Amino acid sequence: MTDQLQSLPQVAGPVVENVVNFKSPQDPANPKNWSSQKKIYTSTIVAYTTFVSSWGSAILSPGLAEISELFHVSAEDANLVTSLFVLGFAAGPLVWAPFSERKGRRIPLSIATFGYALFTIAVASANDIQTVLICRFWAGAFASAPLALIGAFVSDMFDFAQRGTAVAILSIMVFLGPIMSPVVGAFIVDSYLEWRWTEYLTAIMAFVALVLQIVFLDETYAPALLASNANKLRLETKNMSFYATHELEAVTFNSLLDRNINRPLRLLFGEVILFLVCLYMAFVYGLLYSLLLSYPFVFVEKRGWALGVGTLPYLGVGFGMILGCISVIAFQPWINRRTVKNNNIPVPENRLPLAILGAVIFTIGLFWFAWGGNQNSTPWIVPTLGGLPIGFGFITIFLSLLNYIVDTYLIYAASAIAANTFLRSLVGAVFPLFTTQMYERLGVGWGGSLLGFIALGMVPIPVLFYIFGRRLREKSPWASTGKK
């Protein structure tokens, strides 16, 4: 076992014989060298966990009226049930990201899934609105772990050529959860089970994810694997000189504060590329949670449909997202060819043509839904089909810009993504608080058009970065120049 785990790294001075490393670049113990089958089932477990976590953010939205009546609170207060969960998405990564860098991905993911399940049960059994709101926030904070670690899992296992496809497949689970859960939740709320069983069902799904992680999920973070191997060698050989370089990294409160809070904020407010891209992504993400109230307003409140049936048109957005995901995957070979021509160094702007297309289609979809749903005399299929371009644009914008951030900031990508997650979660928490009031005062047509005009005003963002992005990167102290 010793000669399998040790290597003799080439360093200046004496050879360090007790540094634990992989046997060779092709060592199958390295997650990047795992078989395709193992990568697929590992990704499937992570994808399911991510789906369950995002599912919980919207599952209670059809039950807000029941919660409002049961606990004698206003509709605006009841909307906090969704907003506080999404706010937990902003807070949680501040813990899970650094935790995963020290202890690997598996342990924090399992702890978070267990905590998510427990707080979800607490919501289901709550006897007052305060308990519901507090536990929803903590459920969101625990549920944020897989969302925060998707990029880490992908980079642990896949090289650049495979990364875009892997990110697309895993990331769509972040969005399919809140698309599908309101539909299921509406039928549960409409039945004799009522709103509490939306949470019990979610907790059951979370416990299934936890069992899958415990039984089948192996650690993917190479430094944590090597640290574990070093510890095994120390125990087996009684030789305390074995170590992994990961164990030597000093971790202080100040270093954690700088890496996980100070640096992301400096990047967010000091980098024009990151700020505008994050602003656009936050707006798009906020609209995802705005739609949770838009569709019931159009189909249930205005047209008088039953709650369960009234959420079915929301699936149009989901189908659009699937089409968008397929487009992102189909676009990846073109990006790979352009990368090879650039000495295998990613050119971030190659990600943007699809984002530009998605931005235009997304805007069209918002106006389509707004005016298609404005009059009850308009056939139901018209606003329903408007969900297709919304979903398509949502995914193509989001995934393209997410990859653009990673390619632009490379070694600082984790901090850039943390800034993005924080801002978009804040905006996502705010949107449900004003959506219904906006439609009541402006009407569906002009309320939806207001969002459409904002989206139209943001279309130039990917266009300008496609034209001027390289120049801006060359002037940035943080961004990659795309050159060796």
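The backbone N, Cα and C atoms fix where each Cβ goes, glycine too.
These come from TrEMBL:
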DOMAIN    42-475  domain 'Major facilitator superfamily (MFS) profile'
TRANSMEM  40-60  transmembrane segment
TRANSMEM  80-99  transmembrane segment
TRANSMEM  106-125  transmembrane segment
TRANSMEM  137-154  transmembrane segment
TRANSMEM  166-188  transmembrane segment
TRANSMEM  200-217  transmembrane segment
TRANSMEM  267-292  transmembrane segment
TRANSMEM  312-331  transmembrane segment
TRANSMEM  352-371  transmembrane segment
TRANSMEM  377-402  transmembrane segment
TRANSMEM  409-434  transmembrane segment
TRANSMEM  446-468  transmembrane segment
Winner by Cβ pairs under 8 Å against the transmembrane segment (137-154), considering only 80-99, 166-188, 267-292, 312-331, 352-371: 80-99
Intrachain neighbours beyond the transmembrane segment (166-188), with Cβ under 8 angstroms and 6 or more residues off its ends: 43, 46-48, 50-63, 147, 150-151, 153-154, 157-158, 194-195, 197-198, 201-202, 288-289, 292, 295, 307-308, 310-312, 314-315, 317-318, 321-322, 325, 328-329, 332, 391, 394-395, 398-399, 402-403
Best-contacting stretch, by C-beta pairs under 8 Å, relative to the transmembrane segment (377-402) and drawn from 40-60, 267-292, 312-331, 352-371: 312-331
Contact between the transmembrane segment (446-468) and the transmembrane segment (40-60) (at least 3 Cβ pairs under 8 Å, separation 6+): no
For the transmembrane segment (267-292), sequence-distant contacts whose Cβ falls under 8 Å of one of its Cβ atoms, 6 or more beyond its ends: 57-58, 61, 82, 86, 175, 178, 182, 314, 317, 362, 366, 390, 394, 397-398, 401-402, 404-405, 408-409, 412, 415-416, 419-420, 422-432, 435, 451, 454-455, 458, 461-462, 465, 469, 472-473, 476, 478-479
The transmembrane segment (352-371) touching the transmembrane segment (312-331) per 3+ Cβ pairs under 8 Å rule: yes
Per-residue pLDDT averaged over the domain 'Major facilitator superfamily (MFS) profile' (42-475), given as an integer: 92
